Amino acid sequence: MNLYQPMPMRVERVINETSDLTLKSFELTFENKTDQKAFFEKYNPGQFCQFSVFGKGEAPFGIASAAWEGPFVRFTVQNVGSLTQTIHNLQPGDLVGVRGPLGNGFPLDKLKGRNLVIIGGGCAFSTLYALTKHIMYKEHRKDYGQLTIVYGARNSGLCLYKADIESWYDRSDMVIHQAIDVPEEGWDHHVGYVPDVVKKVAPAPKNTSAIVCGPPIMTKFTLPILSELGFPPKEIYTSLEKRMKCGVGKCGRCNIGSKYVCKDGPVFTLAELNDLPQDI
Amino acid sequence: MANIDALRQEVSRVLSEKIVDVVLGFEAGSLPTRNQPVFIHKAKESKRLVDNGFGSNNLAALLAQRPKDEKIGVICRGCESRAIRALTVEQQLNRENLYLIGVPCRGIIDWRALERAVDGEILAVAEDGEDLLVTLKDDEKKLARAEVLHSACRNCRQPDPVGTDVLIGELPAREGLAQRSPDVAAFLGKDADARYAIFSEEAERCIRCYACREACPMCYCTECFVDHITPRWSESMVSKGGTQAWHIIRAFHQTGRCVSCGACERACPMEIKMEYITDRLNEDMQDMYGFEVGANDSDQPPFAAFSLDDRNRFKE
Amino acid sequence: MSYKTTPVNQFPKLVSQWIKKYDVTAPAEAKNGLEYKTIGDPAEMMLNNRVNTTYAPKAFFLPQSEKLFTVEHGRFQAPELKTKPRLLLGVRPCDTRAFWLLDTVFLAKGEEDAYWQRRRADSLVISFGCDTPCASCFCTSVGGEPFGREGSDIQMTQLEDVYVFEAFTEKGSALINKLPEADAATVKKVKALQKTSAAEMPKAFDNTNLRDHLYALFEDDFWKEVAETCLGCGVCTYLCPTCYCFDIVDEVQRGERVRNWDTCMFRVYSQEASGHNPRPNKAARTRQRVMHKYAYWIDSINEFGCTGCGRCVVNCPVNIDIREIVSAAQARSAKMEAAK
C-alpha cells in the first residue's frame, strides 16, 4: 500500500452550483472496483479526499455525497486558485487522481439517538450536506432525533444544492432554516448572518449535538452563541481547514499543537479545541 | 577595531537621549567562535556589545523586518554601511530613521577555517594585533589573522564605513586593497568547461535552505522567485535544474546590487562559494555603466533603474 | 548479546568485503568538512572524528528530494525502489536515535510510508559510540546517550587498537557472527567506557517538565524576543536529524510527483491559499520548531524530538542556540509561576 498513491477516478457529471459560477460540484466514479469497495468500506460523512490534477498538484476537499447516493463521490469546489481553476475546467470523461477517504468524519455512533442541529455557511456546507443526506436516508433516519438545519449563503445565487434543499421544506422529519446576508426580492426565508439566525432559532440543547462548518469568521461567532444556549463544549462539533499536503499525518504541515488536522481531525469537538494551543 | 568602551558609551548615549529606540550590533555567542546579532533596547544593556572578528552577518539584513517608524541605530562596518546605502537608494530604508555608528573593520574570521586550522575543540580565542591566540583543551595555538580571514574580507575593496553619523575609533591606513577580486580573475582564467565544473560542484551541495538569501541584505523581495508557484521558475528539488537555477538567478538579481560582504557564504552550512559570480557581474556593471554599488546616495543600479530618456530604446 | 572484536588495522579488510555486498556509506572528507559518502575504498572512511557530519544521515531514508510517482496520462505510477542494500557505517548514536524516532512517524502501524519502509528494511546501521563529545553536543539532556543503541543494528566502540562490536538485531548479528568473540576484559573496558562517557557529558539543561514550561509560554512575548534576530532560513531544520516535514510538488517537465523537505521556518510553509497564515511571523515559526521538538513529541510518544546532535547550534548563521532557548524558557516560565 502506498499512502501517497492517488486512485484513478473519472469525472461523471459536473454541476454548476451557483449563479456566479465560482462553485461547481463534480461527481466522480471509480476506475477500479477494488478502489470503490475500499472507499465505501471506510467512508463516513465529514471525511475528505486529496483531489489531484497532475501538474497542478493536490488539495483537500470535503466529500459532499452520502454513501447510499451511488457509486459516485461528490466534491464541491470553489474556484479560488490555480488548482481549483484547473478542476473547474474538467469535463465529464476526464481522468483525475483522488486519495481518500481521509481523516475522521462526524462521529455517527455518538450522534445516534440525539437531536442534531446542523449549522453551515458557504461552501463549507458540503460535508454537512453529505451528513444530512446520510441521516435522511430511510434506513438511517430512525437512528436520530429531531433534525434542524441552519444554512447561510451570501445571497440566493450562492446557495448550494438548490433543488434538493428546496425539497427539504416539504419534509415533516426535519426543519430547515436558510438565510442570506441581505434582503432580496422573492426570498421568503431568513435574512441575516448565520450566528444571528442561530440565536433567533434558538435550538434547545437538551439531548442535542450541534455541528458547525463554515468560514472561520462564521464559526468564530456561532460557537459562543451555542455555548450561551447551553450546549456543552463536548456536544459542539466543528471541522477545521488547514493547508495540507500528505493528508495522512506525515508531512507535518497541518498541526495544531500535537494534533494533525488531517489525521486527528478534521472534525473536533469544541472541548478538544479548547485544549489545544491557539495556533489556528 | 573600535574601542569597545567608547562604542558602548555611544550606544548608551543614543539610547538614553532617545535619539534611537534600539541599536543593532553583535554580542558574544554561545560558542567561542561565534557572535550573535543583538538588538539593544536599553542603555544599560549596551555592555553586552562586542566588537571582534566573529560578527559573521551583515547586520543590514535584519533591518527590513523592523517596524517602519522605529528609530534604529546600527553599528556599521564598511559592508554594512554600503548595504544600507544601497537599500536607501532602492527605497527600502528611510535614512532619516537610521543612526549609523561606524566602526573600523579588520575583516571577519571564517570560523570554519579557524576550527579546521587548529583541529581541536576551541575553548577561547583572543585577538592580538595581527594574531589570534586560540586556547584548546590542552594546548594553545597562535595563528595569523590573515590566514583565516573570510575570502570576501580578504578581497574587500572598501572596508571603511561610509555615510555614517559617527565614527568610533580611528580608521587604519589602508594599503594595497585589491581593485578587482582575485577570485574572479582566477575563475575567468579557466576555460568554460572548467568554470562550469567549478560551479556545478559548488551548486551540487546546495540544500536549498536559503540561508544565503536570508543572510543577504539585498535579498528583500516579499516573494522570492523560488517560492512563486504560478508560474514556477525553477525545479523545486535539490536537482541540478533546481539548485543551479537558484544560484544563477539569484546572482543575476544581485547584479549591481551585491555589496560583496560575503554574508551569504558565511551563512551557508554547505560552504558553497558563490560570491565570485556576483562579483563578476558587478565588475561588468562597473565596466559597462561605471556603476559601483553603495558608492553614493543617489545612483540607481543600472538593472533596477528606469528612465524615459534611456538611449537604448526597447525595440518597437 | 555477545561482543565481537577486530583489530583496528584489520578493519579495512572487513569493510572491503562489505563493499562487495553493500553500498557502504560512511563519513568521508568533503569540501565542507565531513559528509556521508558511499565509499569504494575503505581508505575513504573517516571514523571516530571529533565532529559529526554537517548533513544528517536521515537523508538516506528520507532523501531531500525524491520521486514519489511518474505520471503518464494522469495515472500515477510509483517507482520501483530496488537498491543495493546499504550499510551505514560510523553513525553517531544521536543520529541513529533520530532513525528510531522517525520510525514512529514513518512506520506507524497501518500507516507505513512505503518509501521510508523500503529503504529502512534494505539497510543496516552500525553506530559508533562517542567517547569525546563536542561543545555543541547535548544528547544526555534529551534522553539519549553517547553510546545509545536506538536505531542501530550494531554498535562499534574503539578501544585503542581494537574495535568492539555489539549487535542488537538479527541482521546485525548475521553480519558480524564470524568475527572473534571479545574476551571478558575487553567487554569490561567497553562497558566502563560507556558508563564514563555518559557520566562525563555535561547537561545543557534540566528537561524536567520542559513541556509544561513551554506550554505556559505559548502566548508570551518570549518567542518574539527569541526570534528577533532569526533570519528565517532552513539551516536548523534541514540539518536536523529528526525534522521530517515535507512538501509534495508536481514537476511537469519531468512528469513526476516529487516530495521535498520543507520547513516550518519558511513563511510559505503554512501560508494558505486564502492568504491566511496561521504562523505569520518568525516568533510563531520559531515557537513551532521548538515546541514540536520539546512539547508536541512528548505529547505524542513521550520522547523529545531532538537528539542533541548540536547541528543547529553549530550552523545557525546568527548563532541562535536551541539550548539557550530552552534554558531561557524554563527560567521565564518559572518566573511567571512565581509571580502568580
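Each Cβ is built from the backbone N, Cα and C atoms, and glycine gets one as well.
Taken from TrEMBL, the feature [2Fe-2S] cluster binding site covers A:Cys246, A:Cys251, A:Cys254, A:Cys262. Applying an 8 A CB threshold to same-chain residues 6+ apart, the list for A:Cys251 ([2Fe-2S] cluster binding site) reads A:Met244, A:Lys245.
Residues or ranges marked as domain 'FAD-binding FR-type' in TrEMBL: A:4-108.
Sitting within 8 Å of the Cβ centre of A:Cys246, A:Cys251, A:Cys254, A:Cys262, and not among those site residues for [2Fe-2S] cluster, are the Cβ atoms of A:Met244, A:Lys245, A:Gly247, A:Val248, A:Gly249, A:Lys250, A:Gly252, A:Arg253, A:Tyr260, A:Val261, A:Lys263. Closeness to chain C is evaluated for the binding-site residues A:Cys246, A:Cys251, A:Cys254, A:Cys262 by Cβ distance, with values under 8 Å counted; counted residues in sequence order are A:Cys246, A:Cys251. If you take every residue in the domain 'FAD-binding FR-type' (A:4-108) and average the pLDDT, you get 94. The number of other Cβ atoms within 10 Å of the Cβ belonging to A:Cys262 ([2Fe-2S] cluster binding site), over all protein chains shown, comes to 26. The DSSP breakdown of the domain 'FAD-binding FR-type' (A:4-108) into helical (H, G, I), extended (E, B) and coil residues amounts to 21 helix, 47 strand, 37 coil. Cβ neighbours within 10 Å of A:Cys254 ([2Fe-2S] cluster binding site), excluding its own Cβ and spanning all shown chains: 25.
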